[in-house]
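S.K.: After the structure tokens below, expect a handful of questions from me.
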Amino acid sequence: MGSGPLSLPLALSPPRLLLLLLLSLLPVARASEAEHRLFERLFEDYNEIIRPVANVSDPVIIHFEVSMSQLVKVDEVNQIMETNLWLKQIWNDYKLKWNPSDYGGAEFMRVPAQKIWKPDIVLYNNAVGDFQVDDKTKALLKYTGEVTWIPPAIFKSSCKIDVTYFPFDYQNCTMKFGSWSYDKAKIDLVLIGSSMNLKDYWESGEWAIIKAPGYKHDIKYNCCEEIYPDITYSLYIRRLPLFYTINLIIPCLLISFLTVLVFYLPSDCGEKVTLCISVLLSLTVFLLVITETIPSTSLVIPLIGEYLLFTMIFVTLSIVITVFVLNVHYRTPTTHTMPSWVKTVFLNLLPRVMFMTRPTSNEGNAQKPRPLYGAELSNLNCFSRAESKGCKEGYPCQDGMCGYCHHRRIKISNFSANLTRSSSSESVDAVLSLSALSPEIKEAIQSVKYIAENMKAQNEAKEIQDDWKYVAMVIDRIFLWVFTLVCILGTAGLFLQPLMAREDA
């Protein structure tokens with residue numbers, strides 16, 4: 001039974017378990033006791049205000065590097081760039097050296113940053129908040145006296161935003177770090193690497209970092225005689241334009257191309273001006289949206305603002321031209337007389353240039369009125385009741401075969417030759433001039449003459465109205481092509497500017 005699986009646990013009595021626990025905690029206690037002694041020894045007479053140099057004339061060499069964690073936001077309106085950075089600072093403090101063998105082999109020690117001397121490195125072009133970083137993080141001490149402090153900080157730095165090519169713009173935002181109170185004789189900065197550390201960078205959804213080189217400068221300011229060193233990072237960023245392309249540029253392009261269709265819309269539908277004004281109102285709404293996303297500056301006009309302004313002028317001109325076209329379209333002979341040059345240019349020349357064909361008129365194929373001949377004039381007389389009573393037989397004349405009609409036909413035959421060479425109205429006048437015609441026939445012929453002249457006047461007026469409508473159609477077609485070319489060339493010219501500027505740079 002003692003050889004069973006429960007024999008080992010049963011052999012460990014409570015005193016033995018307590019002894020094993022104490023033995024396992026002994027190294028930890030030794031390490032904690034060693035670190036405690038080390039901490040007490042290091043900071044027994046340590047003053048965090050005094051520079052850690054053996055000779056007062058020696059500068060403290062600060063190795064400095066900035067790591068970008070996140071590009072939080074770029075505020076174009078207030079011209080502020082918000083970033084999340086890690087500021088790596090390394091220097092040597094001769095007061096914080098120890099022999100690891102005297103303290104249980106401890107080579108490193110982490111202490112609160114408030115306990116040690118730190119360089120007062122600030123962001124010179126800070127726009128909002130504290131200029132210095134928070135010192136609540138701990139610093140790493142090495143037995144050689146090397147101190148490494150990497151505090152995180154969120155900075156809101158001033159950045160001059162150039163919105164000339166918005167939303168296809170590139171920005172150059174600088175971040176200038178340096179000691180605020182120590183000059184180069186007290187603190188000297190050394191740049192770690194040649195650019196900002198982007199290994200832990202979290203990609204932004206709106207901006208892409210092209211490069212971030214760093215430079216060291218020694219500057220003498222007007223306030224002081226000493227030289228102050230600083231390390232400046234130039235952050236070159238490019239805006240990702242996908243959001244603005246989908247939500248702003250493409251709708252504006254589609255709306256602007258609707259302006260071209262105004263000139264293809266027939267004038268008789270009565271919706272040309274309505275379409276123009278609708279496009280103008282839509283662009284106005286887009287302009288109001290854009291003004292909230294660009295800086296409130298009068299130095300430059302952003303690219304999207306130029307395009308909207310171009311399109312609004314474009315639409316306004318289309319409204320003016322449409323009103324003029326409608327004025328031409330509804331002109332009549334009673335209000336306007338078409339000049340000869342208008343007929344030549346807009347009815348003959350420009351339609352051929354614009355490849356416009358007008359349906360041919362059927363007036364040439366229509367049967368012209370035939371003048372009345374002598375026999376027909378005599379028959380008109382014989383058909384009258386008054387003259388039919390004059391027939392010798394006393395019966396109505398049929399087909400003009402009675403003797404009396406035959407006598408009248410010979411009498412008026414002398415007028416036939418002249419009447420055949422006259423117009424229809426002249427023939428009617430000739431008929432009316434014959435005293436032999438009865439009053440009923442004269443009245444009927446006068447009525448026919450009135451109707452014919454009225455119809456002829458209406459046809460002539462309709463032809464003139466059709467000419468004015470065709471002139472308006474030609475003007476519409478001209479501006480259709482003109483506005484199409486201007487819209488395409490203007491759009492391409494505006495949005496190719498960032499590409500050309502990038503190549504020049």
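Note that the numbers count up from 1, one per residue, in the order the chain is shown.
Placed from the backbone N, Cα and C atoms, the Cβ positions cover glycine too.
Marked as signal peptide by Swiss-Prot: 1-31. What Swiss-Prot records for 32-250, 286-307, 494-505 is topological domain 'Extracellular'. Residues or ranges marked as disulfide bond in Swiss-Prot: CYS159-CYS173, CYS223-CYS224. What Swiss-Prot lists as transmembrane segment is 251-266, 269-285, 308-326, 475-493, and the listing cites experimental evidence. According to Swiss-Prot, the feature topological domain 'Cytoplasmic' maps to 327-474, an assignment based on experimental evidence.
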S.K.: When secondary structure is assigned with DSSP, how many helix, strand and coil residues does the topological domain 'Extracellular' (286-307) contain?
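M.R.: With helix first, then strand, then coil, the topological domain 'Extracellular' (286-307) has 10 helix, 0 strand, 12 coil.
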S.K.: Report the same-chain neighbours of CYS173 (disulfide bond): residues 6+ apart in sequence with Cβ closer than 8 Å to its Cβ, ordered by sequence.
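M.R.: VAL74, MET81, SER157, CYS159, SER234, LEU235, ILE237 - these are the non-local Cβ neighbours of CYS173 (disulfide bond), listed in sequence order.
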S.K.: Counting only residues 6 or more past its boundaries, what in the same chain has a CB within less than 8 Å of a CB in the transmembrane segment (308-326)?
M.R.: 252, 255-256, 259, 262-263, 267, 272-273, 276-277, 279-280, 283-284, 286-287, 290, 301, 472, 475-476, 479, 483, 486-487, 490, 494
S.K.: Starting from each candidate's C-beta and looking 10 angstroms out, tell me which of the disulfide-bonded residues CYS159, CYS223, CYS224 has the most other C-beta atoms.
M.R.: CYS159
S.K.: Below 8 angstroms Cβ to Cβ, which residues of this chain, lying six or more residues outside the transmembrane segment (269-285), approach it?
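M.R.: That would be 252, 255-256, 258-259, 261-262, 308, 311-312, 315-316, 318-319, 322-323, 325-326.
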S.K.: Could you give the residue numbers and ranges of same-chain residues that sit at least 6 residues beyond the topological domain 'Extracellular' (286-307) on either side and whose C-beta is under 8 angstroms from one of its C-beta atoms?
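M.R.: Tertiary neighbours of the topological domain 'Extracellular' (286-307) are 76-77, 79, 161-169, 244, 248-249, 251-252, 255, 491, 494-495, 497-498.
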